[in-house]
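What TrEMBL says about this protein:
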type	residues	note
TRANSMEM	A:50-68	transmembrane segment
TRANSMEM	A:88-110	transmembrane segment
TRANSMEM	A:131-150	transmembrane segment
TRANSMEM	A:156-175	transmembrane segment
DOMAIN	A:242-271	domain '4Fe-4S ferredoxin-type'
TRANSMEM	A:295-319	transmembrane segment
TRANSMEM	A:339-365	transmembrane segment
TRANSMEM	A:377-395	transmembrane segment
TRANSMEM	A:440-458	transmembrane segment
TRANSMEM	A:470-489	transmembrane segment
Amino acid sequence: MPATIPNPSRSGGHFDDPFGRDDEPDNHGFDLLRVPLIGSFLSWRHSRTVLQIPVLLVSVAMIVHGLLGPSLAPKNLATVLGWVHFRGALVLVLLCAGNFFCLACPFMLVRNAMRRFIQPRFNWPRPLRNKWIPVGLFALILFSYELFSMWSSPWITAWVIVGYFAAVLVIDGLFKHAAFCKFVCPIGQFNFIAATVSPTEVAVRDHEVCDSCRTNDCIRGRREPAADLVILQRGCELALFQPAKVGNMDCTFCLDCVHACPHDNVGILSRLPASELMTDPQRSGIGFFSRRKDIAALTVVFCFGALMNAFGMVSPVYAAESWLSIKLHIHQEAPILGLLFAFFLVVEPAVLLGLAGWVTLAWAGVRRAWLPLIVRYTYALVPLGFGMWLAHYGYHFFTGLYTIVPVTQSAFVDLGWPILGDPRWTLVGLPQAIVQPIEFGFLLLGLAGSLSIVWRLAEDDSEDHALRVFTPWATVCVLLFLASLWLMTQPMDMRATIMAG
Amino acid sequence: MVNASLLLLAEALAMTACHRTRPIDDAGISIQQRITPQPPRVGPASVAIQLSDAAARPVEAVRITVEADMSHPGMSPVFAEARKEKPGDYLATLNLNMGGDWVVLTHVELPGGKKLERQMDLRGVASR
């Protein structure tokens, strides 16, 4: 992983700041690390470990209950916590705060413990230093989720968690830095993309302080003065150099940079959500978004996968699969599902984005090549995609909010230790009449965010014909919004198997 | 042709929607369950439960409750109390409020406090 990031302060000036902060004093409205108690806690060097321990214990409980507990998904901690509460809480925290789930990641706790005994020897292979593996894994997980009906199997869910721990230990046991987080972890990539619309980011408080910094501890780590190879405090393992870092992409909120900075100059600062998608500066550890086809592909899977994931839970998917099965004389689910995924994750985005790019070039005369133009505008879809994830996961989270209570009661009863009383299976969650308007609100919020980004990009690309640039991409946004709206109004139909036999 | 094929597919789905079980527990009690309508669809569904002993004589239960959960966690379960139709025969009405796969749990309380539970998959409840 490259750790040699050019220091703007040494090359004679700042990187271009997308939000004009270079011309203004660094004056952020809110810094979470300045909040009494919370700030002190998060600034404490062991805060991450303290947050990770309970999540690890919950993960272990999920594995044990998933493997040994009831096979019925609604009565098992693995499936209820994993597919109802974890996913819902994840997207809500990303929306309201930031990437705090990566901060509390239990996999990293186990990995850090392993690294006390095993030091990795290899660097992550240079050809793989991109997001193509996570793109494939993300799509594979969405596909497997449907094919194996993971939501309905505590056993599979438990093994997925075990597999995740194993993958982290193998990859980070072999490769240095945070290779798993940056180049493999599909959950992490989901969080990175979604966190681009979060209201906070880990960022420098005052760039002038960084200008005078000569140690770069935020990325190099704090070293033993007498022995430079001895690291007292890790710097950023994901190659994000704070003075040149823009936004939340690749940031796990691990706060290593906060602890390493000798000037106490890194905070968790407020910002306009999605503002990092409205500009295209060079980003530390990432480069230019507009040149990163791999991150654009990840964005496509994130956005169109949101629709596909919800599509798998409504009635029309069964009609579509049955129709395909009959037409193609295929009676296995995997190839039929594969065709649907290929259509929704490859063909549909290629057609929609390709056409929008072509119209933009032909009508508005933007001076960009076709593919870079598409890559640039693809990021504008993130709020829409995130709105759909919020609507979908929020639905399960809110309507099943209290189900964790009887499942936990039942788990204690199974242990022969009924301290929480008999399970109250009638405890479910908020009524659909309350949840549905919230879902629509999320979708509208996503549409508004995407349209705002498209407009900003259009203004940048063509002052004279901004509306012409805006129109095709706004059309794509509205089409996806209408598709999301249609999906959310379809009757739920959650089946573990689709094809007969 | 397409309609005929879809009909065949629907019938196949209905057949795989296991709607009749006949396990015998270690106390020698047989619990037969049958759900109508077939194929199952959203709305009221009748669960007919028949209890008998090893000699096929009807068995009386103190109480029978039926619970249906979706295969997806976090969804609202539905409950019903079974009423006695005739000796050994009980009937409960569940309101299946969502399409998809359901699991029906029948809780039987026998005289003397012995409890039995049966689980039955009810797949492919049609939305409309």
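Cβ atoms are placed via backbone N, Cα and C, with glycine included.
With a cut-off of 8 Å on Cβ pairs spaced 6 or more residues apart, the transmembrane segment (A:156-175) and the transmembrane segment (A:440-458) reach fewer than 3 such pairs and are scored as not touching.
By number of Cβ pairs under 8 Å, the transmembrane segment (A:88-110) is matched best by A:377-395 from the list A:131-150, A:295-319, A:377-395, A:470-489. If you count C-beta pairs under 8 angstroms between the transmembrane segment (A:131-150) and each of A:295-319, A:339-365, A:470-489, the highest count goes to A:295-319. If one looks beyond the transmembrane segment (A:295-319) by at least 6 residues along the same chain, the residues whose Cβ comes under 8 Å of a Cβ in the stretch are 131-132, 134-135, 138-139, 142, 145-146, 189-190, 193-194, 249, 286, 289, 340-341, 344-345, 348-349, 353, 374-375, 378-379, 381-382, 384-386, 388-389, 391-392, 480, 483-484, 487-488, 490-495, 498. If one looks beyond the transmembrane segment (A:339-365) by at least 6 residues along the same chain, the residues whose Cβ comes under 8 Å of a Cβ in the stretch are 139, 142-143, 300-301, 303-305, 307-308, 311, 317, 320-321, 324, 328, 371, 373-374, 377-378, 461-462, 465, 468-469, 471-473, 475-476, 479-480. Secondary structure of the domain '4Fe-4S ferredoxin-type' (A:242-271) per DSSP (helix as H, G, I; strand as E, B; remaining residues coil): 8 helix, 5 strand, 17 coil. Model confidence over the domain '4Fe-4S ferredoxin-type' (A:242-271) stands at 97, taken as the mean pLDDT rounded to a whole number.
Among residues of the same chain six or more beyond the transmembrane segment (A:470-489), those with a C-beta under 8 A of the stretch's C-beta atoms are 303, 306-307, 310-311, 314, 352-353, 355-357, 359-360, 363, 377, 380-381, 384, 387-388, 391-392, 395, 436, 439-440, 443, 446-447, 450-451, 454-455, 457-458.
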